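According to Swiss-Prot, the protein carries these features:
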type     : residues             : note
ACT_SITE : GLU229               : active site
BINDING  : HIS70, GLU73, HIS166 : Zn(2+) binding site
Amino acid sequence: MTSSADSGRDAAWLDDFLALTLAGDAPPAEAGECAARAVRWRWLGDGLLRLEPADAAQRMQSVLVSAGVHGDETAPIELLSTLVRDIARGALPLRCRLLVALGNPGAMRAGERYLDDDLNRLFGGRHAQLAASREAPRAAQLEAAAALFFSTAGRARGARWHIDMHTAIRTSVFEQFALLPHTGEPPTRTMFEWLGEAQIAAVLLHTTKGSTFSHFTAQACGALACTLELGKVMPFGANDLSRFAPADAAVRRLVSGRRDAPRGALPRAFTVVDQITKQSDALELFVANDVPNFTPFARGTLLARDGDYRYAVRHEQERIVFPNPSVKPGLRAGLLVIETTRDTHAALA
(Lines of atoms letter the chains of each structure in order from A and count residues from 1; the text may use other names and numbers.)
(Lines give C-alpha, C1' and ligand atoms only; values in the text may rest on other atoms or scores of the structure.)
Protein backbone atom coordinates (compact mmCIF):
# COMPACT_ATOMS: atom_id res chain seq x y z
CA MET A 1 0.00 0.00 0.00
CA THR A 2 1.35 3.45 -0.94
CA SER A 3 1.89 5.69 2.08
CA SER A 4 0.91 9.34 2.19
CA ALA A 5 4.61 10.28 2.24
CA ASP A 6 5.36 8.12 -0.82
CA SER A 7 2.38 9.60 -2.64
CA GLY A 8 3.62 13.12 -1.87
CA ARG A 9 7.13 12.37 -3.15
CA ASP A 10 5.76 10.79 -6.32
CA ALA A 11 3.64 13.89 -6.97
CA ALA A 12 6.33 16.51 -6.27
CA TRP A 13 6.94 17.00 -10.00
CA LEU A 14 3.41 18.41 -10.31
CA ASP A 15 4.83 21.58 -8.76
CA ASP A 16 6.49 22.24 -12.14
CA PHE A 17 4.82 20.24 -14.89
CA LEU A 18 6.49 22.51 -17.45
CA ALA A 19 10.02 21.74 -16.17
CA LEU A 20 9.38 17.99 -16.32
CA THR A 21 8.07 18.32 -19.86
CA LEU A 22 10.90 20.56 -21.10
CA ALA A 23 13.41 18.07 -19.66
CA GLY A 24 11.73 15.24 -21.56
CA ASP A 25 11.48 13.27 -18.33
CA ALA A 26 8.86 10.88 -17.00
CA PRO A 27 7.59 11.15 -13.41
CA PRO A 28 8.71 8.55 -10.84
CA ALA A 29 5.25 6.96 -10.96
CA GLU A 30 2.54 7.02 -13.63
CA ALA A 31 -0.34 7.57 -11.21
CA GLY A 32 -0.95 8.78 -7.71
CA GLU A 33 -2.71 11.27 -5.47
CA CYS A 34 -2.12 14.90 -4.58
CA ALA A 35 -3.89 17.79 -2.83
CA ALA A 36 -4.00 15.82 0.43
CA ARG A 37 -5.46 12.84 -1.47
CA ALA A 38 -8.37 14.92 -2.75
CA VAL A 39 -7.16 14.58 -6.36
CA ARG A 40 -6.07 11.55 -8.36
CA TRP A 41 -3.59 12.05 -11.20
CA ARG A 42 -2.33 9.95 -14.07
CA TRP A 43 0.54 10.83 -16.41
CA LEU A 44 -0.46 9.77 -19.92
CA GLY A 45 2.78 10.51 -21.74
CA ASP A 46 4.88 13.50 -22.72
CA GLY A 47 2.93 16.65 -21.81
CA LEU A 48 -0.30 14.77 -21.03
CA LEU A 49 -1.83 14.63 -17.57
CA ARG A 50 -5.26 13.64 -16.29
CA LEU A 51 -6.52 14.96 -12.96
CA GLU A 52 -9.82 14.15 -11.27
CA PRO A 53 -11.35 14.49 -7.83
CA ALA A 54 -11.00 11.42 -5.66
CA ASP A 55 -14.77 11.51 -5.23
CA ALA A 56 -15.49 12.14 -8.93
CA ALA A 57 -19.21 11.99 -9.71
CA GLN A 58 -20.57 10.34 -12.84
CA ARG A 59 -22.17 13.56 -14.11
CA MET A 60 -19.15 15.75 -13.47
CA GLN A 61 -17.96 18.04 -16.28
CA SER A 62 -15.02 16.88 -18.39
CA VAL A 63 -12.64 19.71 -19.32
CA LEU A 64 -9.62 19.58 -21.63
CA VAL A 65 -7.27 22.55 -21.33
CA SER A 66 -4.38 22.67 -23.79
CA ALA A 67 -1.49 24.99 -24.59
CA GLY A 68 1.75 24.74 -26.52
CA VAL A 69 0.25 23.33 -29.72
CA HIS A 70 2.67 25.91 -31.11
CA GLY A 71 5.88 25.46 -29.15
CA ASP A 72 6.88 29.13 -29.01
CA GLU A 73 3.57 30.36 -27.54
CA THR A 74 4.86 30.36 -24.01
CA ALA A 75 2.44 32.42 -21.90
CA PRO A 76 -0.44 29.90 -22.00
CA ILE A 77 2.03 27.07 -21.31
CA GLU A 78 3.20 28.86 -18.16
CA LEU A 79 -0.41 29.52 -17.11
CA LEU A 80 -1.30 25.86 -17.55
CA SER A 81 1.71 24.65 -15.57
CA THR A 82 0.74 27.00 -12.73
CA LEU A 83 -2.83 25.68 -12.86
CA VAL A 84 -1.52 22.13 -12.38
CA ARG A 85 0.67 23.27 -9.47
CA ASP A 86 -2.21 24.97 -7.67
CA ILE A 87 -4.51 21.97 -8.07
CA ALA A 88 -1.78 19.61 -6.84
CA ARG A 89 -1.12 21.79 -3.79
CA GLY A 90 -4.82 21.98 -2.95
CA ALA A 91 -4.84 25.75 -3.50
CA LEU A 92 -7.40 25.39 -6.30
CA PRO A 93 -10.26 22.94 -5.76
CA LEU A 94 -10.91 20.54 -8.64
CA ARG A 95 -14.57 19.92 -9.45
CA CYS A 96 -14.27 18.32 -12.89
CA ARG A 97 -12.41 15.64 -14.76
CA LEU A 98 -9.45 17.53 -16.23
CA LEU A 99 -7.14 16.60 -19.08
CA VAL A 100 -4.10 18.87 -19.38
CA ALA A 101 -2.22 18.81 -22.68
CA LEU A 102 1.03 20.57 -23.56
CA GLY A 103 0.58 20.15 -27.27
CA ASN A 104 3.99 20.08 -28.93
CA PRO A 105 6.74 19.31 -26.39
CA GLY A 106 9.37 18.78 -29.09
CA ALA A 107 8.81 22.27 -30.48
CA MET A 108 8.64 23.70 -26.94
CA ARG A 109 12.06 22.23 -26.17
CA ALA A 110 13.43 23.64 -29.45
CA GLY A 111 11.85 27.06 -28.85
CA GLU A 112 10.14 26.85 -32.23
CA ARG A 113 6.56 27.15 -33.46
CA TYR A 114 6.85 23.63 -34.88
CA LEU A 115 9.54 21.18 -36.00
CA ASP A 116 8.32 20.16 -39.48
CA ASP A 117 4.67 21.15 -39.88
CA ASP A 118 2.10 23.30 -38.10
CA LEU A 119 0.57 20.87 -35.60
CA ASN A 120 -2.65 22.88 -35.54
CA ARG A 121 -3.26 21.99 -39.20
CA LEU A 122 -2.93 18.22 -38.72
CA PHE A 123 -6.05 17.20 -36.80
CA GLY A 124 -9.13 15.43 -38.09
CA GLY A 125 -6.88 12.74 -39.55
CA ARG A 126 -4.88 15.11 -41.74
CA HIS A 127 -1.71 13.88 -40.01
CA ALA A 128 -2.04 10.66 -42.04
CA GLN A 129 -1.18 12.66 -45.18
CA LEU A 130 2.15 13.78 -43.67
CA ALA A 131 3.46 10.59 -42.15
CA ALA A 132 7.10 11.73 -42.34
CA SER A 133 6.41 14.87 -40.28
CA ARG A 134 7.59 14.85 -36.67
CA GLU A 135 4.28 16.51 -35.79
CA ALA A 136 2.16 13.73 -37.33
CA PRO A 137 2.44 11.15 -34.51
CA ARG A 138 1.83 13.89 -31.94
CA ALA A 139 -1.40 14.92 -33.67
CA ALA A 140 -2.53 11.28 -33.64
CA GLN A 141 -1.58 10.96 -29.96
CA LEU A 142 -3.52 14.10 -29.00
CA GLU A 143 -6.57 12.94 -30.95
CA ALA A 144 -6.47 9.55 -29.21
CA ALA A 145 -6.03 11.12 -25.77
CA ALA A 146 -8.94 13.52 -26.30
CA ALA A 147 -11.21 10.82 -27.74
CA LEU A 148 -10.49 8.47 -24.83
CA PHE A 149 -10.97 11.22 -22.26
CA PHE A 150 -14.34 12.31 -23.65
CA SER A 151 -15.53 8.73 -24.28
CA THR A 152 -16.62 8.47 -20.64
CA ALA A 153 -17.88 12.06 -20.34
CA GLY A 154 -21.50 13.08 -19.94
CA ARG A 155 -23.47 14.06 -23.02
CA ALA A 156 -25.57 16.92 -21.64
CA ARG A 157 -24.88 20.37 -23.08
CA GLY A 158 -21.93 21.88 -21.27
CA ALA A 159 -20.65 18.53 -19.98
CA ARG A 160 -17.62 18.59 -22.31
CA TRP A 161 -15.27 21.55 -22.74
CA HIS A 162 -12.04 22.19 -24.57
CA ILE A 163 -10.09 25.41 -24.09
CA ASP A 164 -7.04 25.56 -26.40
CA MET A 165 -4.82 28.49 -25.41
CA HIS A 166 -2.48 30.26 -27.83
CA THR A 167 -0.71 33.54 -28.43
CA ALA A 168 -0.48 35.26 -31.82
CA ILE A 169 2.51 36.16 -33.98
CA ARG A 170 1.12 39.70 -34.48
CA THR A 171 -0.47 42.25 -32.22
CA SER A 172 -4.23 42.63 -32.57
CA VAL A 173 -6.87 45.35 -32.60
CA PHE A 174 -8.48 43.08 -29.97
CA GLU A 175 -5.56 41.95 -27.80
CA GLN A 176 -7.38 38.81 -26.66
CA PHE A 177 -9.82 37.04 -28.94
CA ALA A 178 -11.28 33.60 -29.53
CA LEU A 179 -11.97 31.36 -32.50
CA LEU A 180 -14.93 29.00 -32.54
CA PRO A 181 -14.86 25.91 -34.77
CA HIS A 182 -17.57 25.28 -37.33
CA THR A 183 -19.98 22.54 -36.21
CA GLY A 184 -23.03 23.25 -38.37
CA GLU A 185 -24.89 24.55 -35.30
CA PRO A 186 -25.22 28.11 -33.97
CA PRO A 187 -22.68 29.01 -31.30
CA THR A 188 -23.92 28.59 -27.75
CA ARG A 189 -24.78 31.31 -25.28
CA THR A 190 -22.93 29.25 -22.67
CA MET A 191 -19.66 29.66 -24.56
CA PHE A 192 -20.21 33.34 -25.37
CA GLU A 193 -21.01 34.11 -21.73
CA TRP A 194 -17.90 32.25 -20.58
CA LEU A 195 -15.80 34.21 -23.09
CA GLY A 196 -17.36 37.42 -21.80
CA GLU A 197 -16.43 36.39 -18.27
CA ALA A 198 -12.86 35.87 -19.53
CA GLN A 199 -12.95 39.43 -20.96
CA ILE A 200 -12.39 38.16 -24.48
CA ALA A 201 -13.20 41.11 -26.73
CA ALA A 202 -13.92 39.39 -30.04
CA VAL A 203 -14.87 35.99 -31.42
CA LEU A 204 -14.02 34.73 -34.89
CA LEU A 205 -16.58 32.27 -36.25
CA HIS A 206 -15.35 29.69 -38.74
CA THR A 207 -17.78 28.75 -41.52
CA THR A 208 -16.08 25.57 -42.76
CA LYS A 209 -14.65 22.54 -41.02
CA GLY A 210 -10.99 22.84 -40.16
CA SER A 211 -8.02 20.79 -39.04
CA THR A 212 -7.25 22.48 -35.70
CA PHE A 213 -7.28 20.79 -32.31
CA SER A 214 -10.47 22.61 -31.25
CA HIS A 215 -12.17 21.66 -34.52
CA PHE A 216 -11.36 18.01 -33.77
CA THR A 217 -12.73 18.06 -30.22
CA ALA A 218 -15.87 19.92 -31.29
CA GLN A 219 -16.61 17.64 -34.23
CA ALA A 220 -15.35 14.25 -33.05
CA CYS A 221 -15.86 14.59 -29.29
CA GLY A 222 -18.90 16.88 -29.01
CA ALA A 223 -17.06 19.41 -26.84
CA LEU A 224 -17.83 23.08 -26.39
CA ALA A 225 -14.49 24.08 -27.87
CA CYS A 226 -12.65 27.31 -28.51
CA THR A 227 -9.19 28.54 -29.38
CA LEU A 228 -8.07 31.49 -27.25
CA GLU A 229 -5.51 33.98 -28.57
CA LEU A 230 -4.18 35.66 -25.45
CA GLY A 231 -1.56 38.10 -26.67
CA LYS A 232 1.76 37.99 -28.48
CA VAL A 233 4.49 35.34 -28.75
CA MET A 234 7.27 35.84 -26.17
CA PRO A 235 10.14 33.64 -24.88
CA PHE A 236 9.73 31.56 -21.71
CA GLY A 237 10.11 33.78 -18.64
CA ALA A 238 9.47 37.02 -20.56
CA ASN A 239 5.69 37.05 -20.21
CA ASP A 240 3.69 39.47 -18.08
CA LEU A 241 1.12 36.89 -16.98
CA SER A 242 -0.97 39.56 -15.25
CA ARG A 243 -2.18 40.59 -18.72
CA PHE A 244 -3.95 37.24 -18.98
CA ALA A 245 -5.49 37.30 -15.49
CA PRO A 246 -9.17 37.46 -16.60
CA ALA A 247 -8.83 34.49 -18.97
CA ASP A 248 -6.81 32.54 -16.41
CA ALA A 249 -9.43 33.26 -13.75
CA ALA A 250 -12.21 32.09 -16.07
CA VAL A 251 -10.40 28.79 -16.72
CA ARG A 252 -9.87 28.34 -12.99
CA ARG A 253 -13.54 28.98 -12.24
CA LEU A 254 -14.48 26.44 -14.92
CA VAL A 255 -12.33 23.65 -13.49
CA SER A 256 -13.23 24.45 -9.87
CA GLY A 257 -16.97 24.60 -10.56
CA ARG A 258 -17.39 28.16 -9.31
CA ARG A 259 -20.41 30.12 -10.51
CA ASP A 260 -19.63 33.46 -8.87
CA ALA A 261 -18.08 35.24 -11.86
CA PRO A 262 -19.24 38.76 -12.69
CA ARG A 263 -20.99 38.65 -16.05
CA GLY A 264 -18.95 40.41 -18.71
CA ALA A 265 -20.16 41.92 -21.96
CA LEU A 266 -20.64 39.39 -24.74
CA PRO A 267 -17.72 39.55 -27.19
CA ARG A 268 -18.17 41.10 -30.61
CA ALA A 269 -18.56 38.51 -33.35
CA PHE A 270 -16.80 38.29 -36.71
CA THR A 271 -17.58 35.68 -39.34
CA VAL A 272 -15.07 34.32 -41.86
CA VAL A 273 -16.04 35.24 -45.43
CA ASP A 274 -12.90 34.17 -47.28
CA GLN A 275 -9.25 33.30 -46.96
CA ILE A 276 -6.03 33.99 -48.80
CA THR A 277 -4.41 30.70 -49.78
CA LYS A 278 -0.73 30.64 -50.66
CA GLN A 279 -0.45 29.22 -54.16
CA SER A 280 3.34 29.38 -54.46
CA ASP A 281 6.43 30.98 -52.98
CA ALA A 282 5.77 33.93 -55.30
CA LEU A 283 2.91 35.11 -53.04
CA GLU A 284 2.88 38.85 -52.44
CA LEU A 285 0.84 39.80 -49.38
CA PHE A 286 0.22 43.54 -49.33
CA VAL A 287 -0.11 43.65 -45.55
CA ALA A 288 2.88 45.01 -43.63
CA ASN A 289 4.42 42.94 -40.85
CA ASP A 290 3.29 45.47 -38.23
CA VAL A 291 -0.39 45.48 -39.29
CA PRO A 292 -2.43 44.10 -36.35
CA ASN A 293 -4.93 41.26 -36.60
CA PHE A 294 -8.47 42.55 -37.28
CA THR A 295 -7.23 45.60 -39.20
CA PRO A 296 -10.08 46.73 -41.53
CA PHE A 297 -9.73 47.25 -45.28
CA ALA A 298 -12.21 48.92 -47.65
CA ARG A 299 -13.92 47.35 -50.63
CA GLY A 300 -11.60 46.96 -53.62
CA THR A 301 -8.33 46.94 -51.65
CA LEU A 302 -5.87 44.46 -53.19
CA LEU A 303 -4.45 42.34 -50.39
CA ALA A 304 -2.64 39.53 -52.19
CA ARG A 305 -1.21 38.49 -55.54
CA ASP A 306 0.24 35.10 -56.45
CA GLY A 307 0.71 34.48 -60.18
CA ASP A 308 -2.76 34.76 -61.71
CA TYR A 309 -4.39 34.72 -58.28
CA ARG A 310 -5.62 38.00 -56.76
CA TYR A 311 -7.50 38.75 -53.56
CA ALA A 312 -9.32 42.08 -53.32
CA VAL A 313 -11.81 43.04 -50.61
CA ARG A 314 -15.37 42.28 -51.79
CA HIS A 315 -17.46 43.59 -48.89
CA GLU A 316 -17.79 47.18 -47.77
CA GLN A 317 -15.23 46.37 -45.09
CA GLU A 318 -13.25 43.23 -44.34
CA ARG A 319 -10.76 42.66 -41.55
CA ILE A 320 -7.69 40.47 -41.93
CA VAL A 321 -6.69 37.93 -39.29
CA PHE A 322 -3.50 35.84 -39.18
CA PRO A 323 -1.82 37.31 -42.28
CA ASN A 324 1.31 35.21 -42.77
CA PRO A 325 3.07 34.97 -46.14
CA SER A 326 5.65 32.55 -44.70
CA VAL A 327 3.34 29.53 -44.55
CA LYS A 328 3.93 26.60 -46.89
CA PRO A 329 2.20 26.64 -50.32
CA GLY A 330 -1.33 25.29 -50.08
CA LEU A 331 -1.88 26.67 -46.60
CA ARG A 332 -3.88 29.68 -45.42
CA ALA A 333 -1.98 32.96 -45.55
CA GLY A 334 -4.79 35.04 -44.02
CA LEU A 335 -8.45 35.01 -43.02
CA LEU A 336 -10.95 37.70 -44.01
CA VAL A 337 -13.84 38.42 -41.64
CA ILE A 338 -16.80 40.76 -41.41
CA GLU A 339 -18.57 41.87 -38.24
CA THR A 340 -21.78 39.95 -37.50
CA THR A 341 -22.26 40.81 -33.82
CA ARG A 342 -25.99 41.60 -33.87
CA ASP A 343 -27.04 38.54 -35.88
CA THR A 344 -24.71 36.22 -33.98
CA HIS A 345 -25.92 37.33 -30.55
CA ALA A 346 -29.54 36.99 -31.68
CA ALA A 347 -28.96 33.41 -32.85
CA LEU A 348 -27.09 32.09 -29.79
CA ALA A 349 -28.45 28.68 -28.83
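Just so it is clear, glycine is given a Cβ too, placed from its N, Cα and C backbone atoms.
Around the Cβ of HIS166 (Zn(2+) binding site), the number of neighbouring Cβ atoms within 10 Å comes to 25.
A Cβ within 8 Å of the Cβ centre of HIS70, GLU73, HIS166, the residues given for Zn(2+), is found for these other residues of the same chain: ALA67, GLY68, VAL69, GLY71, ASP72, PRO76, ARG113, ASN120, MET165, THR167, ALA168, VAL233.
Of all Cβ atoms in the protein chains displayed, 26 besides its own lie within 10 Å of the Cβ of GLU73 (Zn(2+) binding site). If you measure from the Cα atom of GLU73 (Zn(2+) binding site) to that of GLU229 (active site), you get 10 Å.
Taking CA atoms as the reference points, GLU229 (active site) and HIS70 (Zn(2+) binding site) are 12 Å apart.
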